[in-house]
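This report refers to the structure that appears directly beneath it.
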Amino acid sequence: MIRTMLQGKLHRVKVTQADLHYEGSCAIDQDFMDAAGILEYEAIDIYNVDNGQRFSTYAIAGERGSRIISVNGAAARCACVGDKLIICSYVQMSDEQAREHRPNVAYFTGDNELQRQAKAIPVQVA
């Protein structure tokens, strides 16, 4: 059996640009991509915390240290500057590998400053 697992997650990054006329993609500060293990041109899913929209695109490298999150092309209609996003990439692996797998999770402040990194998501309590 093959399972699709969370590979990398940028938690609550802020949109710094939205460019409808760029050819597509989402530009992400290369430092952020490294923190989550996201590669350039990798497929990503984006969840907009502010408006509830969920959409897919691919990552392109933004300038290292710039804190850029630029939603481009048609996806720019799904996010506005200042919106908080969760950006995820996924990986497929065997059931056996999946049971040992831990994702790369990067948490951010409201100013796109990397706050901390983790290899798991906290257990949700009632």
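Our numbering is plain: 1 for the first residue shown, then up by one each step along the chain.
Glycine too: its Cβ is placed from the backbone N, Cα and C atoms.
Where the annotation comes from TrEMBL, it is an automatic prediction and has not been curated.
Per TrEMBL, the features are as follows:
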- S25: pyruvic acid (Ser) (MOD_RES)
- S25: active site, schiff-base intermediate with substrate (ACT_SITE)
- T57, G73, A74, A75: substrate binding site (BINDING)
- Y58: active site, proton donor (ACT_SITE)
- Item | Check: same-chain CB within 8 A of substrate site center, minus T57, G73, A74, A75 | G24, S25, C26, F55, V71, N72, A76, R77, C78
- Determine, to the nearest whole angstrom, how far the Cα atom of A75 (substrate binding site) is from the Cα atom of the residue listed as 'pyruvic acid (Ser)'. 8
- Query: Want to know which recorded positions, from S25, G73, A74, are within 10 Å of Y58 (active site, proton donor) at Cα; which are they?
  - Reply: S25
- Message: Please give me the CB contact count at 10 A for A74 (substrate binding site), counting all chains in the structure.
- Response: 11
- Message: For the residue listed as 'pyruvic acid (Ser)', which of the three DSSP-derived states applies: helix, strand, or coil?
- Response: coil
- Message: Based on the record's binding annotation for substrate (T57, G73, A74, A75), what whole-number value in Å is the widest Cα to Cα distance?
- Response: 10
- Task: Give the number of CB atoms, excluding that of Y58 (active site, proton donor) itself, located within 10 Å of its CB.
- Result: 16
- Message: Can you give me the Cα-Cα distance between A74 (substrate binding site) and S25 (pyruvic acid (Ser)) in Å, rounded to a whole number?
- Response: 9
- Query: Long-range same-chain neighbours of G73 (substrate binding site), Cβ under 8 Å, sequence gap at least 6?
  - Reply: D19, L20, H21, Y22, E23, G24, S25, T57
- Query: Over all shown protein chains, what is the count of other CB atoms within 10 A of the CB belonging to A75 (substrate binding site)?
  - Reply: 22
